[in-house]
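Student: Dropping the structure in here first, questions after.
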Amino acid sequence: MFYQGPRQSLRIMTCRDTVQKLLSGVTMEDESNSSAQLNQDTGREFLQAFISLMVPNIWVQHERLHVKHRGHEAMHAEMVLILIATLVVAQIVLVQWKQRHHRSYNLVTLVQMWVVPLYFTIKLYWWRFLSMWGMFSVVTSYVIFRATRKPLSCRTPRMVYKWFLLIYKLSYAVGVLGYLAIMFTMFGFNVFFRIKAEDSMDVGVIMLFYGLYYGVMGRDFAEICSDYMASTIGYYNKGGMPSRSLTNDICAVCGQRILVDLEEEGFIEDTYQLSCGHIFHEFCIRGWCIVGKKQTCPYCNEKVDLKRMMNNPWEKTHVLYGQLLDWLRYLVAWQPIIIGIVHGINFSLGLE
């Protein structure tokens, strides 16, 4: 026999009282009409049969539902604990992997950053993002192809760093505009321009996502290209001493001659000197340190003080923006995999 809860019992009693009132109402209305007595008896028998058939079925359905969901509170608590434990363990594993095998971690993360959004865009029919993803992938693939050729062309390093620096600046600008659009919508400024809140919020979220996503992709690809090109040129060796000697008028990033003096203001770009004394082209060292995420000198591997490279206060926000991109990398690349692992554990344990 099924257990009957107080709510189910109250509902069934209310249903019975309502039907009884209907029966009594039918009886009072039809007392003066003898010709409708037969219809009244037929209706009474029909309602009584309906009560005898339907009310027990409703009762049984409620009892089955109650039994089916019995103990789900404990299951939900177990699922929350599994989620927290999985997040903690995954964070520890990812941190250790990044510290011990940095290159493999970056490569796997980059592949996931490239593939995971593609899966969701095809599944959800986001053709606008897919078209932009395709154009970015084609141009970046060509740049990577040029950066991995041997012998390396003298124009390739400058082209690579200019491309990724352009992507970085564009993504930074688009992300800031998206953030401002979201803030203006939240404060109600969209009303002054007669724009719906839904439309302005959608535009802001899309622009913010585009800026952050392509900023992450550009920095990761720039890091791979910078390692490969610098080791090919010979002035940089990640694991030891460089294979070539650097003179005072040569940039260790691109291997080309420096034509602008330190005290002289360049027409296109200036010349930068690090704390270790080595000098570089502006585009090269900015691409190396800011876009390529390098924190050491391309020649002597000495720690670089990025604050000396920032002549203006607003340029210091690029460092904070880079930290935000690192956080987004974890969210986009690894969070879906962690959630999938949690669902697999819950399914294997029979938790619903």
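Here the Cβ of each residue, glycine as well, is placed from N, Cα and C on the backbone.
TrEMBL lists 251-301 with the feature domain 'RING-type'. Residues annotated as transmembrane segment in TrEMBL: 79-97, 104-120, 126-145, 166-193.
Describe the structural context of each listed feature in the structure shown, including burial, neighbouring residues and relevant distances.
Tutor: A mean pLDDT of 74 is what the model gives for the domain 'RING-type' (251-301).
Beyond its flanks by at least six residues, the transmembrane segment (79-97) meets 104-105, 330, 334, 338, 341-342, 345-346, 349, 351 of its own chain at Cβ-Cβ distances under 8 Å.
Long-range contacts of the transmembrane segment (126-145) within the same chain, counting only residues at least 6 positions beyond its ends with a Cβ under 8 Å from a Cβ of the stretch, are 114, 117-118, 120, 159-160, 163-164, 167, 210, 214, 217-218, 221, 224-225.
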Student: What parts of the chain pack near the transmembrane segment (166-193), using Cβ distances under 8 Å and only residues at least 6 beyond its ends?
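Tutor: Residues 136, 200-201, 203-215, 217-219, 222, 290-291, 318, 321 contact the transmembrane segment (166-193) from elsewhere in the chain.
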